[in-house]
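S.K.: According to TrEMBL, the record shows the following:
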| type | residues | note |
| --- | --- | --- |
| TRANSMEM | 20-39 | transmembrane segment |
| TRANSMEM | 45-61 | transmembrane segment |
| TRANSMEM | 68-86 | transmembrane segment |
| TRANSMEM | 117-137 | transmembrane segment |
| TRANSMEM | 143-163 | transmembrane segment |
| TRANSMEM | 175-197 | transmembrane segment |
| TRANSMEM | 217-235 | transmembrane segment |
| TRANSMEM | 242-258 | transmembrane segment |
| DOMAIN | 250-396 | domain 'O-antigen ligase-related' |
| TRANSMEM | 264-282 | transmembrane segment |
| TRANSMEM | 294-312 | transmembrane segment |
| TRANSMEM | 389-407 | transmembrane segment |
| TRANSMEM | 414-432 | transmembrane segment |
Amino acid sequence: MPNHRSHFSLKSTFKYLPKYGYPLLVLLHVALGALLFWLPEIGVYYGPLAAAFGLLLIVKNKDQNHEVLFAAAYLTGAEVLIRIMGGSSYELAKYSVAVYVLFGLFFSGFSKKSWLYVAYLLLLVPSILISEGLTGISKSTLVLLRINLNGPICLGLLAIYAFDKKISFGMLSRILLLVSLPALSIAVLVFLHSPAIDSIQIVDSNKYFSAMFGPNQVATTLGLGMFLFFARAILFSESYRLLAFNLVGASFMAYVGLLTFSRGGMIVGVCTTLAMILFVYLRSGSYGKWRAKMGLLAFAGSFMTVVTVVAIQTDGLIIKRYTNQDHLGRTKRIKEGDRLVLATKEMNLFFDNSFAGVGVTKAEDARKSKSGRNYHTHNEITRLLGEHGLMGLGCVVILIGVPIWLFLKRRRHVLLGVFFVFWFLSVNHISTRMLASAFFYALMLLQIDLAPNNIFDRIIVRDSFRKKLVPVTESSSI
């Protein structure tokens, strides 16, 4: 059985860290991003070393303090950085997390209540057989199956592991920190790699401002990092100095994210941040409500400042991008590969093949046969329906229904609704290509052990910060 009395701490793992370990960790990851820019050849070792360290941590501690979550958190933030650097499997993060979970299930077991996610995984199987049959699956089809299903399978495994596990709010803050640190390294790398801003002449997303990698994935990571730094600014800042430190980090990630000109990831980040402020306001007392209001002002002020700076630097092109205009100010026409068009076609496939669906990867084949181009889905919900039929509908009911049921039941999990917003929006714009959607879905299923009834009840007064938030008995500075 896991030992819940002994909580994971970065101080126990990195004993050499001084008192102000959080700022030091941030600066170290800023340096990491710069180092990978100047010496990209060493970047090929980053992913394997990070994955190996996580596995070592889990095996050494036998997952007594849910080390799986901490190791998976870091790879969640580092996934796109690993892909940018190359030299290892494109899906190294997902494969590593799947291995972490298997070790975690061996060491600490799982709740019987997680049977719904076992059913979720089983519901994915029939559509695989429909695709080709057991004897007719070619090597290329296996590759496509792996690409389309490794995300859903990883989500299912993480959900089985995380369901009903108890962690403290302090542990959750550290988990979120581990996601944000490598995301900051990505922001630094992208910032240093980007050309002069006046070279932007069009309003489409481009690889030149995303370290020559997919702008959608980079922007999603930066939007997530922006949200996490704003969350730390509002929830975990114990002084005005730390508040300013976190706001600078969030603003920097927002700035780099906007310059990718990829809208989806930044919109998800903004919506998740606003959802967090709303839930904090609704779930806390008078001081918490005041802090949520101040957080909203800080977010609006800093984000709008960043938008204004980017708008000036790009001669208004960023505004045209987010208002769906081209560089001449004309409204863009709907294209064959637009998200709404692809989602509509997948829904039509569901209506035409409601019982069993068309099979995994067959939706892409159908689009390619009609248009001659290979458009990848951006929406996991419609993909499940179109390719898996009624079994996909069962998956969707499980994926959406369980968190809603838990939200109504576990009102003390103050961030469950926030994580749901991030998961739902992310799978509707980038499907399950990134580990982040699966990982944050798993975080919804945890039991968060709070000392007070809400996170803003315990307040102490200090000269340096007249009203200091202490959400749990553990220090939240690291």
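Each residue, glycine too, has its Cβ placed from N, Cα and C.
Automatic, uncurated: that is what TrEMBL annotation is.
Help me understand the surroundings of these features in the structure.
M.R.: Under 8 Å from some Cβ of the transmembrane segment (45-61) lie the Cβ atoms of residues 13, 36, 67-68, 70-72, 74-75, 78, 81-82, 85, 87-88, 92-93, 96, 99-100, 103-104, 107, all in the same chain and six or more residues away from its ends.
Long-range contacts of the transmembrane segment (68-86) within the same chain: residues 8, 36, 40, 43-44, 46-47, 50-51, 53-55, 57-58, 92-94, 96-97, 100-101, 103-104, 158, 161-162, 167, 171, 174-176, 178-183, 185-186, 189, 211-213, 217-218, 220-221, 224-225, 434-436, 439, 442, each at least 6 residues beyond the stretch ends and with a Cβ under 8 Å from a Cβ of the stretch.
Nonlocal intrachain contacts for the transmembrane segment (143-163), taken as residues 6+ away from its ends with a CB within less than 8 angstroms of a stretch CB, comprise 68-69, 72, 91, 94-95, 97-98, 101-102, 104-105, 110-111, 113-114, 117-118, 120-121, 124, 128, 131, 137, 360-361, 364, 380, 383-384, 387, 395, 431-435, 437-439, 441-443, 445-446.
Tertiary proximity for the transmembrane segment (175-197) is limited to same-chain residues at least six positions away from its ends with a CB under 8 Å from its CB atoms, namely 22, 25-26, 29-30, 32-34, 36-37, 69-70, 73-74, 76-78, 80-81, 84, 167, 208-212, 218, 221-222, 224-225, 228-229, 231-232, 249, 252-253, 256-257, 259-260, 313-314, 436, 439, 443, 478.
Within the chain, the transmembrane segment (217-235) has long-range Cβ neighbours (under 8 A, six or more residues past its boundaries) at 77, 79-80, 83-84, 173, 176-177, 179-180, 183-184, 186-187, 190, 205, 210-211, 243, 246-247, 249-250, 253-254, 256-257, 260, 262-270, 272-273, 276-277, 280, 291-292, 295, 298-299, 422, 426, 429-430, 433-434, 436, 455, 469, 471.
Remote same-chain residues near the transmembrane segment (242-258) are listed as 22-23, 26, 183-184, 187, 190-191, 194, 218-219, 222-223, 225-227, 229-230, 232-233, 236, 265-266, 269, 298, 302-303, 305-307, 309-310, 318, 477 (criterion: CB distance under 8 Å, separation of at least six residues from the stretch ends).
Here the transmembrane segment (389-407) has Cβ contacts under 8 Å with residues 116-117, 119-120, 123-124, 126-127, 152, 350, 353-357, 381, 383, 413, 416-417, 420, 423-424, 441, 444-445 of the same chain, all six or more residues outside its ends.
Sequence-distant contacts of the transmembrane segment (414-432) (same chain, six or more residues past either end, CB-CB distance under 8 Å): 150-152, 154-155, 172, 216-217, 220, 224, 227, 264-265, 267-268, 271-272, 275-276, 279-280, 283, 339, 376-381, 383, 400, 403-404, 406-407, 438, 440-441, 443-444, 448, 450, 454-455.
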S.K.: Using a Cβ cut-off of under 8 Å, list the residues of the same chain at least 6 residues beyond the transmembrane segment (294-312) that approach it.
M.R.: 230, 233-234, 243, 247, 250-251, 254-255, 258-259, 270, 273-274, 277, 280, 318-319
S.K.: Could you count the residues of the domain 'O-antigen ligase-related' (250-396) that DSSP puts in helix, in strand and in coil?
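M.R.: Residue counts in helix, strand and coil order: 105 helix, 2 strand, 40 coil.
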S.K.: Can you tell me the mean pLDDT for the domain 'O-antigen ligase-related' (250-396)?
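M.R.: It averages 89.
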